[in-house]
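Copied from TrEMBL, the annotated features are:
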| type | residues | note |
| --- | --- | --- |
| ACT_SITE | Glu29 | active site, charge relay system |
| ACT_SITE | Asp33 | active site, charge relay system |
| ACT_SITE | Ser232 | active site, charge relay system |
| BINDING | Asp274, Val275, Gly298, Asp300 | Ca(2+) binding site |
| DOMAIN | 1-320 | domain 'Peptidase S53' |
Amino acid sequence: MRLFGGNFAHQESVARVVGQQGRGRAGIEASLDVQYLMSAGANISTWVYSSPGRHESQEPFLQWLLLLSNESALPPVHTVSYGDDEDSLSSTYIQRVNTEFMKAAARGLTLLFASGDSGAGCWSTSGRHQFRPSFPASSPYVTTVGGTSFQNPFRVTSEIVDYISGGGFSNVFPRPSYQEEAVTQFLSSSPHLPPSSYFNASGRAYPDVAALSDGYWVVSNHVPIPWVSGTSASTPVFGGLLSLINEHRILSGHPPLGFLNPRLYQQRGAGLFDVTRGCHESCLNEEVQGQGFCSGPGWDPVTGWGTPNFPALLKTLINP
């Protein structure tokens, strides 16, 4: 904030830490999340949830979600920059975590998850390649954020796909009704679809939205670090902007936004810049040659509906 926050009002520190924290130094991931959530969502009270340890050698999402379930007063927006491969988790655990996401949506919480930094992903079984979706990005009850970069990385220019932006189709969760029309339109109109054997066309498709994910400065343990990139950056930025919109809604006598996806798809990306140039990465083989899905007009499984145009997004979302 001393380096970059001189021109806007902001909170001096995190308001509350929930959960256990170790005594080690702050990692660059946590520093990135906090700094850009508190900058994009300037002057909004910010909590940090800390859930150490592992579950099935992966992230302890259920531990964090149970913390949420056991609290009556919660921040209305949660942004998470962590994820695992869908196939690395047991079906029982994925369904249990997804049930908690469903509860959070029913409570009126907005949960944002990074779409991942491996494009469509890739895995091989018995010599057969497939794309590799990410979880919780693939849950139908969270809002998943992809990534973009500037066409000229050294100037604020038009946005194109960040080739690492995670996206694709779940192998676990069927396509929810709220995105039926948008996904059907993409699958029927995209001129650059990968072979159908690489993805589950009937699965929950993600991301839902995107934001800039390339070329961030992060201060970690008092050291400024340039060129930090990933959907770990785009997700807290989007969360900060939604927090500002919630502030306007609350001051107008309306409840917070809550579960955002049905509204996003119903309004067909209103308030978002449509990103139509670029493809993300995938399997390095002869068949797809490292290319996954490509962006196009409207929703696509690379940048979703697009990136936030804050004045237009505020106008779109301020009313019930």
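The first residue you see is number 1, and the count goes up from there.
Glycine too: its Cβ is placed from the backbone N, Cα and C atoms.
For the active-site residues Glu29, Asp33, the largest tally of other C-beta atoms within 10 A is found at Asp33. If you take the Cα of Asp274 (Ca(2+) binding site) and the Cα of Asp33 (active site, charge relay system), they are about 25 angstrom apart, rounded to a whole number.
Of all Cβ atoms in the shown protein chains, 26 besides its own fall within 10 Å of the Cβ of Val275 (Ca(2+) binding site). In space, Ser232 is the closest of the recorded positions Ser232, Gly298, Asp300 to Asp33 (active site, charge relay system), judged by Cα positions. For the pair formed by Ser232 (active site, charge relay system) and Asp300 (Ca(2+) binding site), distance between Cα atoms is given as 20 Å, rounded to the nearest Å.
The sparsest Cβ neighbourhood within 10 Å, among the listed binding-site residues (Asp274, Asp300), is found at Asp274. Each of the recorded positions Ser232, Gly298 was ranked by the number of other C-beta atoms within 10 Å, and first place falls to Ser232. Report note: the Ca(2+) site is defined by Asp274, Val275, Gly298, Asp300, and the residues of the same chain whose CB lies within 8 Å of the CB centroid of those residues, excluding them, are Gly269, Thr276, Ser295, Gly296, Pro297, Trp299, Thr303, Gly304, Trp305, Gly306. Glu29 (active site, charge relay system) and Gly298 (Ca(2+) binding site) are 31 Å apart (CA-CA, integer value). A distance of 26 Å separates the Cα atom of Val275 (Ca(2+) binding site) from that of Glu29 (active site, charge relay system). Of the recorded residues, Asp300 (Ca(2+) binding site) and Glu29 (active site, charge relay system) place their C-alpha atoms 27 Å from one another. Taken together, the residues of the domain 'Peptidase S53' (1-320) have an average pLDDT of 95.
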